[in-house]
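Accompanying notes for the structure given below.
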Amino acid sequence: MARSICFFAVAILALMLFAAYDAEAATCKAECPTWDSVCINKKPCVACCKKAKFSDGHCSKILRRCLCTKECVFEKTEATQTETFTKDVNTLAEALLEADMMV
């Protein structure tokens, strides 16, 4: 009896963790549209991003671009699965390249 209660508690906890993980919003990145120089300092980059209606910003580590961030709201669009997969692969490739260069 004690084992089944323990198992049930662990199962409920695991379900709650998975539900919370899936509910977390993704972070979208885009270059600041008005930035035209090399990004060295984060403070002006954040100001540029806030002006462009983003929530935050930072300088990219490799190319020194001003990247703005905000929470993504994905809606069902008419994009095909191939287009979505291609965008995900490109984003992942950029992240891996940036991570490899910093190691």
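Each residue, glycine too, has its Cβ placed from N, Cα and C.
Partner cysteine of Cys45, as given in Swiss-Prot, is Cys66 (from among Cys28, Cys66, Cys68, disulfide bond). When Swiss-Prot is consulted, the disulfide partner of Cys39, picked from Cys28, Cys59, Cys68, turns out to be Cys59. The two recorded residues, Cys32 (disulfide bond) and Cys45 (disulfide bond), have Cα atoms 8 Å apart. You'll find the Cα of Cys59 (disulfide bond) roughly 5 Å from the Cα of Cys66 (disulfide bond).
Separation of the C-alpha atoms of Cys72 (disulfide bond) and Cys49 (disulfide bond): 15 Å, rounded to the nearest whole number.
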